[in-house]
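Accompanying notes for the structure given below.
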Amino acid sequence: MSVTIDAQLAQSFGLTGEEYDKLVTIMGRTPSFTELGIFSVMWSEHCSYKSSRIHLKTLPTKAPWVIHGPGENAGVVDIGEGLAAVFKMESHNHPSFIEPYQGAATGVGGILRDVFTMGARPVANLNALRFGDPKHAGTRRIVDGVVRGVGGYGNCVGVPTVGGEVNFHKAYDGNPLVNAMTVGVAKQDKIFLSAAAGVGNPVVYVGSKTGRDGIHGATMSSAEFDEEAASKRPTVQVGDPFIEKLLIEACLELMATDAIVAIQDMGAAGLTSSAVEMAGKGGVGIELNLDAVPQREPNMSAYEMMLSESQERMLMVLKPERTEVARAIFAKWELDFAVIGELTDTGRITIRHKGEVEADIPLAPLADEAPVYNRPTVPLKAPARIETPADPEGIEKALLTLVGCPDLASRAWVWNQYDGSVGGNTARRPGAADAAVVRVEGTRLGLALTTDCTPRYCQADPKTGGAQAVAEAWRNITATGATPLAVTDNLNFGNPERPEIMAQFADAIKGMGDACRALDFPVVSGNVSLYNETRSPSGEAQAILPTPAIGALGVLADASKSIGLAMPDAHDLVLVGGIRGELGQSLWLREICQREDGAPPVVDLAVERRNGDFVRSQIGAGAVAACHDIADGGLLVTVAEMVMASGVGCTLEAAPTDVAAHAFWFGEDQGCYVIATSDGAALVAAAEKANVLAMRLGRSGGTDLELPGTVRVSAERLREINAAFFPRFMGEGA
């Protein structure tokens, strides 16, 4: 290929001038076109974590129940009975803006592979979706494509989609977020890792053929968007969930033998990343013969094959004597199987194609010795706490506005496009509890699963917002009765080269770390997505809200004893936790007063821990019939959601006089729960003994939510208003 290799070409590949000079020094010569491509993807933000790595190292990652933390394809935790949960969350933001259906679908496919490559059968998918303002011209198209893509892939591959989030804000108009999470279950003694070993062992390619889709997808995901984003459609991968299903079954069948030495999926940067990471982790070299790579298109170059991000592909190192056993399994499942290389003792990656050496690079500079930056930050000014605004329209009208607003409206339109029950092990479906609950087949165990983040809090105060995201995930797991075990994160931010954005990232990590340590909630896997910005024709950069999405997992000894939102008739409602009436950054402030200001609610991690441990103990003692944590919309929205979930009404008592009524009912105070119990007095007494604030709120019964003299609205009316937004926004039958 007669192309001049220089700093200008390297810059078009996403490398800086300094990085190009560094790679020339490493190579001792000008790189080939293929070598330049390999460096550009491995040193991209998406693959190298060069701006985030120093901050990520501060997060707590260890606990007695953690089997494998960050560094593998997914995190692994002990759930008892010799079993492990394997889970991770990952973004597909940039592709989902360019091509919403395929971007979202292949995001699901990629995270599934991260989990089953470790020997786990996937048992659940979740997703955290952030879209632009519903009034923005492009939002409806992106919502439609993303939701269909998530459902289309997950449904076909036979893994239930059991939970997640959907939020709207104008900051995502040009840059939606699609964060996908998969959870699998494996035997603890059957976990497969990615470190290659055994000089001379064969390197095997399995799955789909390689095409030209997705080339430079990793570098695209490491840059801002502009008005020409649509021209990048060729960098979006195209997925086939039916092939993925075959690949899952073939890999799990092979894993039941003793053939596999190491295994890695081909994700970002495709064959390049999988080969470099496997050999690098194992401290060996690797030689590839691209003539043997199964190709979907004719005349593919070495550069194209190494950088293609075609989906449904895996790379394995096998024991030589078991190669034919493996070949037979993949032939049975009608998948490609090719020996494309072997491990060496050189510490280098050598790539041959049509008799020529196309690349010969030392491995260390591509992986562990990739550039790492301690980017500059600026101090962020914490917003002042706001004075409680006057109530402009009354409690009942505000309640109806809130339950119908885009961020609180029923997500049934979304969930109904997902198969949430395939496999028959979903114990708590979306909307039925604060976290989804999935039974672990062959046991009584249950996994509680959630995703959480409140980006408007993070925008106002990234440290508090980071802590709150972790605390809310812990609280949602707790509300089901499960013991919270661990976290996977998906850190979505703007351009790290802007000091104010890097400060948001660093502060959010500090808050997350504080919360994880206080709650014994280690981070075992995750993903960083930077450069989530759109540049307008005038050159102005619009960053997303800082969005450190948290995926969390907990375990129940008995899935059948999980707790949901639906409250029975004739039960006391008890508030656990103290209400200050925190209206800063609340949905009430935004939807009723059209303001987005003030400090987010205080996150007191000691109180969070004490209250949550108390709630879990009461659930374990059989004293709790329903439980829901206070989050978006505040206390009255929490109660309304319990009314809508059950169809049972309730009568509430007046708010305490030391807090304005609207602040009491709509403040988004943290560390609080509403519990339905048969004996409210006993639960309040137990709380006092545990040094936990608690008070009786009222009693369930009838079909209306009633606050005497202030609110009287039927469960049916609440449901009607709550259900209206999505069908109206998307169009009936959309």
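Every residue number used here counts from 1 along the chain in the order it is shown.
Every residue, even glycine, has its Cβ placed from backbone N, Cα and C.
Annotation source Swiss-Prot lists active site at His46, citing sequence analysis. Positions annotated as active site, proton acceptor by Swiss-Prot: His92. The ATP binding site annotation in Swiss-Prot covers Tyr49, Lys88, Asp489, Gly526 and rests on sequence analysis. Here Swiss-Prot flags Glu90, Asn527 as Mg(2+) 1 binding site. If you look up Swiss-Prot, you'll see Ser91, His92, Asn93, His94, Arg113, Gln237, Glu309, Ser310, Gln311, Ser529 marked as substrate binding site, on the strength of sequence analysis. Taken from Swiss-Prot, the feature Mg(2+) 2 binding site covers Asp114, Asp265, and the record attributes it to sequence analysis.
Projection of Swiss-Prot feature records onto the structure.
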{"residue": "His46", "record": "active site", "DSSP class": "helix"}
{"residue": "Glu90", "record": "Mg(2+) 1 binding site", "DSSP class": "strand"}
{"residue": "Arg113", "record": "substrate binding site", "DSSP class": "helix"}
{"residue": "Asp265", "record": "Mg(2+) 2 binding site", "DSSP class": "strand"}
{"residue": "Glu309", "record": "substrate binding site", "DSSP class": "coil"}
{"residue": "Asp489", "record": "ATP binding site", "DSSP class": "strand"}
{"residue": "Gly526", "record": "ATP binding site", "DSSP class": "strand"}
Please give me the recorded positions out of His46, Lys88, Ser91, Arg113, Gly526, Asn527 that lie within 10 Å of Asp265 (Mg(2+) 2 binding site), comparing Cα atoms only.
Arg113
Rounded distance in angstrom between the Cα atoms of Asp114 (Mg(2+) 2 binding site) and Gln311 (substrate binding site):
12
Other residues, Cβ within 8 Å of Tyr49, Lys88, Asp489, Gly526 Cβ centroid (ATP site):
Leu56, Pro70, Met89, Glu90, Thr488, Asn490, Leu491, Val523, Ser525, Asn527, Val528
Measuring Cα to Cα, tell me the gap between Glu309 (substrate binding site) and His92 (active site, proton acceptor) in whole angstrom.
13
List the Cα distance (Å, whole number) between Gln311 (substrate binding site) and His92 (active site, proton acceptor).
13
Taking the binding-site residues one at a time (Asp114, Asp265, Glu309), which has its Cβ surrounded by the most other Cβ atoms within 10 Å?
Glu309
Between Arg113 (substrate binding site) and Lys88 (ATP binding site), how many Å separate their Cα atoms?
10
Other than its own, how many Cβ atoms are within 10 Å of the Cβ belonging to Tyr49 (ATP binding site)?
19
Could you state the CA-to-CA distance between His46 (active site) and Gly526 (ATP binding site) to the nearest Å?
12
Give me the largest Cα to Cα distance among Tyr49, Lys88, Asp489, Gly526, the residues the record lists as binding ATP, in Å as a whole number.
17
Among Glu90, Ser91, His92, Asn93, these being the recorded positions, pick the one whose CA is nearest to that of Gly526 (ATP binding site).
Glu90
Distance, Asn527 (Mg(2+) 1 binding site) to His92 (active site, proton acceptor) (CA atoms, angstrom):
10
Spatially speaking, which of the binding-site residues Tyr49, Asp489, Asn527 is closest to Ser91 (substrate binding site)? Use C-alpha to C-alpha, please.
Asn527
Report, in whole Å, the straight Cα-to-Cα distance of Asn527 (Mg(2+) 1 binding site) from Lys88 (ATP binding site).
8
